[in-house]
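Annotation source TrEMBL lists compositional bias 'Basic and acidic residues' at 324-339, 402-411. Under the heading domain 'ABC transporter', TrEMBL lists 481-722. According to TrEMBL, the feature region 'Disordered' maps to 324-346, 361-411. Residues or ranges marked as signal peptide by TrEMBL: 1-22. What TrEMBL lists as transmembrane segment is 290-312, 860-877, 889-908, 966-986, 1061-1083.
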């Protein structure tokens, strides 16, 4: 259809019709302007051509979504970012005028544009910027328009639809390409330059023969051929001549404007951006200098860290001082009240004495006035007087009792503790809420107990009845442990660790287990606790006369290990309080729990150091003896019924040992069954034990009975303890072979003599020793013993392969039993309900928070290292527009992963022994794990913020701070979970090595360009790849317009996709969650003994 202009009405009709025709997709002819040359038609013609170009987005939408979906998220948005020339159509008008209205015949159709970009993405050589042979440019025909920077027309006779999918014949009227367009080599049409490009007409460099600034040459021998416009639109790494230069901005593709002062213009900008305050932005600035903000943040964060480091201890110390002040006031109040009670009791006794004296005096006075005449009358009078005296006495007694019954009245002293009537009216533990009330209650009860202990020596019958009927005294469940023929044999080796041990541990008694090294003392305790792994057990262990597992009573069974597994960064009271909260009954009021803690602190003599840190290897705290007592107190605060201790006095002096044993004897008075392994006790301390168990090498019993009868037994078999020698030391020296008995007895006979003494069954391989005892011949006896040893040597002799196989079997059986023990579910018979997991989680959270606050220096050091790493990497690794900052992000993934993994190791590596002890006592493993992870969430949130505060302002990427923070947040969450696995499953040194190697190796694998085979699949499934993809996607989305091809080329080379941003973050989070599940499984499965 052709529109002819003859008059003004026709012209107005054309102006109204053109937009509607363009919107309806009707092909219009621009020959009107070429035939008339009327400048009034230029705006409408320009708009018409622009509408044709805009309609191409609908033509290519499906192809773009199918082939370029990885780099184009929204076709309309990215198309507008590259070709939305609204308000800047001057270059189209200029080209229409230059081509005399023939621009519509020179624009590339959809078919030609598709050929260009298809050849671009399919090409192998990056330096080749032309398309392959086609019908207009091939080996047989090569028109001037096929040269770079030139274009041809289809001619006015050929009607061309810009949306056509068939390449038209275009070889007429070839001319240089208009500015604002680029004309590829091998195509004879023009394509508009995208926004952010600067496409002026090229100028010929006479010296080099190159058309500057594009770098293509004019064909030789053609003097009429001149330089045109741009020749290609390619990624910036293959040719950046098309891009608007840094320090300038290009509002249109034909205009470049230098950036003014106070603004910056990055490469390919269409407008200038205002700089932040405190930044230096002189004219022609490509990027704002944000180092000032980085320095300010360094100062602020460093100051904040110093404040936190110095104030965290102060805050805890202030809180502890306030608690100590309340405690001291409560103790003072309790002492004063106890003294007042004592004085009031003395006053009561004195009043009773005076009452009795008055009664006797009245009786004597009336007895002198007796006469025979008035005998009957006087007798009746005496009876009346006696009844009156009894009445007066009764009234006086009632008056005293009324004072007792009404202590709040004005007649008596206001007593708050110690009296039965007061006790009835006193608030119970559940009714106490404030700390002062709780402390007053606890110290009042302690003062009462002291007073009762003082009265034990001269207690009257009524006092005994009062104690017996006191309902406030709590009784603990009784545990009696009986064992018969208890034998433990190492699996795979048939070696006896314990053999034929028979006896009983009674409630209310303290038993000592002694013997030489290798006698199986600790193994004996492990067998009683049901924790002897890797062994085959024969014989029986009865609990309260029933064949039940001791694990059914683990909530009321305490075990004190040989090593002092006490938290060094907690105070003495905090260690005891945590165990009391988690292990005492959930039904017990808080005030009663505080009373238990105060009672243990006082009995162990820890009042002076209750607020002192226990101390670690690096930071000294309390003394070794006090630490040992805290180790015992941790089990005492849970009020056990059975208490097992493994060498609790090792490393203590005699006075500290006796103090500890006195505290244990007080526990035994409450019905606790106590058994301990002990070395070299003093004579006085040895006499404090009720029962004595002596084991020989091989786990054989030499003596098991009352301590007071041990010397009598050994004297009966001819072993007399010399003067000034402790009996157990002498017996152990005999069992070690250091001392030989005077009656030609050997130490091998002692276990057999004990069996014969008690009528126990002697094992068959020890019957020869019975014959030796019967014969009493030492020479023959020694010879037989030698023969027996030789026989045993022959039996146990194995080849190297056999011994290796036995060791492997033993190791496997040991781990198998440990896993079985960790998952063993026993019926709870302790009748104690521990706090819920949620409440234990709260207790753990409070404890871990205190520990982290006291380790504030370590936390500050971690954050300071991240600050320095962010500043250094942000300065060294500048953003590369070609790769969208992949170098800096690679360094970021390695540095952040490495530093965060190493710091996260401390969460579980440093307190493995503490966890094993707590979990064995029944404390929730889930609460422990969740509390650690919850506190680490603080680091997960803070550390990306600290690192980015330096890296972002020194590196200045185009992506937003929020996008980078979200990616780093997910990355830190992921690597923290992986660090948990290393910390729990591996030794500390191995865990640190893995934390260094894993991020580095996986990042190198993920960023390797040419991946094949296993490396290719490993690169897709490692967390650095997901983090790198999320970083680069967030940055690449900020590159639009002229950067579109660069974005597609870079993402295609890295095998990334814009739509994978959420997927990458989800995979990082999922990896973190799965890692935590795996870490928790390892925590409860592979506990070490």
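All positions are counted from 1 along the displayed chain.
Backbone N, Cα and C atoms are what each Cβ position is placed from, and that goes for glycine too.
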* Asked: Residues sitting near the transmembrane segment (889-908): Cβ under 8 Å, six or more positions beyond its termini, same chain?
  -> 858, 862, 865-866, 869, 873, 876-877, 915, 932-933, 935-936, 939, 943-944, 947, 951, 968, 971-972, 975-976, 978-980, 982-984, 988, 991-992, 995-996, 998-1000, 1003, 1007, 1023-1024, 1027-1028, 1031-1032, 1035, 1079, 1083
* Given the model, what does the mean pLDDT over the domain 'ABC transporter' (481-722) come out as? -> 88
* **Residue numbers, six or more beyond the limits of the transmembrane segment (1061-1083), whose CB comes under 8 Å of its CB atoms** => 908, 915, 925-926, 929, 933, 966-967, 970-971, 973-978, 980-981, 983-985, 1023, 1026-1027, 1029-1030, 1033-1034
* Stretch contact, the transmembrane segment (860-877) with the transmembrane segment (290-312), Cβ-Cβ under 8 Å, 3+ pairs -> yes
* Would you mind listing the long-range same-chain contacts of the transmembrane segment (966-986), meaning Cβ under 8 Å and 6+ residues beyond its ends? => 892-893, 896-897, 900-902, 904-909, 912, 933, 936, 939-941, 943-944, 947-948, 994-995, 998-999, 1023, 1027, 1030-1031, 1034, 1064-1065, 1068-1069, 1071-1076, 1078-1079, 1082-1083, 1086
